[in-house]
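Undergrad: Taken from Swiss-Prot, the feature NAD(+) binding site covers 34-38, 84-85, 116-119, R139, E174, Y226, K291, K315. Annotation comment: Swiss-Prot describes K118 as active site, N6-AMP-lysine intermediate. The annotation Zn(2+) binding site is assigned in Swiss-Prot to C409, C412, C425, C430. Under the heading domain 'BRCT', Swiss-Prot lists 586-670.
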Amino acid sequence: MTREEARRRINELRDLIRYHNYRYYVLADPEISDAEYDRLLRELKELEERFPEFKSPDSPTEQVGARPLEPTFRPVRHPTRMYSLDNAFTYEEVLAFEERLERALGRKRPFLYTVEHKVDGLSVNLYYEEGVLVFGATRGDGEVGEEVTQNLLTIPTIPRRLKGVPDRLEVRGEVYMPIEAFLRLNEELEERGEKVFKNPRNAAAGSLRQKDPRVTAKRGLRATFYALGLGLEESGLKSQYELLLWLKEKGFPVEHGYEKALGAEGVEEVYRRFLAQRHALPFEADGVVVKLDDLALWRELGYTARAPRFALAYKFPAEEKETRLLDVVFQVGRTGRVTPVGVLEPVFIEGSEVSRVTLHNESYIEELDIRIGDWVLVHKAGGVIPEVLRVLKERRTGEERPIRWPETCPECGHRLVKEGKVHRCPNPLCPAKRFEAIRHYASRKAMDIEGLGEKLIERLLEKGLVRDVADLYHLRKEDLLGLERMGEKSAQNLLRQIEESKHRGLERLLYALGLPGVGEVLARNLARRFGTMDRLLEASLEELLEVEEVGELTARAILETLKDPAFRDLVRRLKEAGVSMESKEEVSDLLSGLTFVLTGELSRPREEVKALLQRLGAKVTDSVSRKTSYLVVGENPGSKLEKARALGVAVLTEEEFWRFLKEKGAPVPA
């Protein structure tokens, strides 16, 4: 490569990487995979090393992240800079890292390291003064981030107050979305025809940057902490391992794995072990972070413009494969929603063959601009669900075909209806809807009918033995014995499981019946609020809106279903069959008609107190108004206390609150 060619390629790479930094760090909507980004950055770094005359302090190799062009939140300067990490992809690069340490420190290796999971989330910085949280911010460009304090405080494990810490303290960590929460969120977004997230990291970033903290609170975010900025010297800590234990002791969640390792060989052993456990983790990890354990050596080594010299990110191999989209088929779910599924040329990803991939909904297809015949880059989102990362448009030949949505249901032939970006089959007798409804009803998280698998459901429907879930409770042993591969013992076991499912409670039943927008959490909230199916069936829109996590669209959809004669008939038949229609949690009318607001820090988790009040029939709201009956005040109350006094609302200290409940005859936690 000539000098001029190198200059042009370096400038091209810098522009490209800056663009992708903005997509990743600011918009939380990357266009390329992590592996592709790493390749671009490595190419730029190698060219800058070969042609040092073109190095520049504003190069992406010398900078961290990206600063928002138009901040959604208030920009805030970090008291001390937040750095990125240099990457290693092979054992040889880890060995080279240790050799650099040996030369820089003038000491013989091996060195002692702490090796930690590299959680794939969003880096944040918490700043405390005299033990009180002042703000929480995203990393941004390392010097200036966005203040997201209120959204961070929706993560219940983040402490607001600390004891026995330096007067000024920065605590650094990662906000992430557990894989289970990510899959659940995407399912809800897909059901509504909205844009889904590509991976848990994007979902975490998008959720943390919501303007409304109540939306953030519903997303199931978690956090794990691993570093100090300001206050590290004053802490008196001697090692990274000790620092992690100190963070735990002070009440910070340290949810990632970590181990000590001696030398590059020891690091490799831990890396291999963590890699093997990767898909058993509740979060996405894209590698390990290797840090010298001795903090005194950190001071000797210092930092480059971009990263510490004493630490390294040792990345897991990227499991991304190129393949072709051969066709698209359409599947019908239990609500009648039609989902496009891509048929791929089979590829092997993370231990299994992938030949199908969900294309979610019309919004997703339009955004990707994906066509039949396209080459695509595929990975497993959350290490579980095959997903298209991007379309390789540069490989198009002109023979690719656009995806056409069917006008009629692929299962029953009924004309589809379109609701926003969602296509649905409205036919209540559609066999696919019946199959999916029964399969969902019997699933482990719903009524948990062990032995009622997909093949058996198909046979029951084919033979006309069941039409819907209520028919399950009228099956007889002789009905089952007439089915292929069904013996006496299997039939008895299945009937016993069906009988046991009658007693799962209203929480599980509401989830099992597939009310629109109702997942496990919302089903539990509805059961807790109303207590019985009869009460729920008579609920008004206003009452549904009082339930935690119910927005107006969901409330209207639930209400429409509750008023549907077919749904009411199904509930009646289930009730006649002996299925429990009551919550397993006791609900009373003891505080019916009263409205509570909670403020400040209580001795028990706020959600627990809120749930208790709701079980006693009270309404719990977030803001004080003239309709508020009582404001319950914990330590460090906010402006709600002043507003309550101005409006003449009754105020209870926490001690008075528990005494009030006892006097009412309510069960009070010990």
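Just so it is clear, glycine is given a Cβ too, placed from its N, Cα and C backbone atoms.
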Undergrad: Using all protein chains shown, find which of the binding-site residues E36, D38, E174 scores highest when you count other CB atoms within 10 A of its CB.
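TA: Most Cβ neighbours within 10 Å: E174.
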Undergrad: Determine, to the nearest whole angstrom, how far the Cα atom of E36 (NAD(+) binding site) is from the Cα atom of K118 (active site, N6-AMP-lysine intermediate).
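TA: Approximately 18 Å lies between the Cα of E36 (NAD(+) binding site) and that of K118 (active site, N6-AMP-lysine intermediate).
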Undergrad: When the Cα of D38 (NAD(+) binding site) is compared with the Cα of each of the recorded positions K118, C409, C412, C430, which one is closest?
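TA: Looking at Cα distances from D38 (NAD(+) binding site), the smallest one goes to K118.
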Undergrad: How many Å separate the Cα atoms of H117 (NAD(+) binding site) and C425 (Zn(2+) binding site)?
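TA: With distance taken Cα to Cα, C425 (Zn(2+) binding site) is 45 Å from H117 (NAD(+) binding site).
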Undergrad: Determine the Cβ neighbour count for the residue listed as 'active site, N6-AMP-lysine intermediate': the number of other Cβ atoms within 10 Å of its Cβ.
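TA: Result for the residue listed as 'active site, N6-AMP-lysine intermediate': 23 other Cβ atoms within 10 Å.
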Undergrad: Which are the residues of the chain, C409, C412, C425, C430 excluded, whose CB is within 8 A of where the CB atoms of the Zn(2+) site average out, their centroid?
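TA: The answer, listed by sequence position, is V332, G336, T408, P410, E411, G413, H414, L416, P426, N427, P431, A432, K433.
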Undergrad: Take the C-alpha atoms of E174 (NAD(+) binding site) and the residue listed as 'active site, N6-AMP-lysine intermediate' and report the distance between them in angstrom, rounded.
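TA: About 9 Å separates the two Cα atoms.
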Undergrad: What is the total of other Cβ atoms whose distance to the Cβ of C412 (Zn(2+) binding site) is within 10 Å?
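TA: I count 16 other Cβ atoms within 10 Å of it.
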Undergrad: If one measures from the C-alpha of D34 (NAD(+) binding site) to the C-alpha of C412 (Zn(2+) binding site), what distance in angstrom results, rounded to a whole number?
TA: 42
Undergrad: Just to be sure I understand the packing, how many Cβ atoms besides its own are within 10 Å of the Cβ of H117 (NAD(+) binding site)?
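TA: H117 (NAD(+) binding site) is surrounded by 24 other Cβ atoms within 10 Å.
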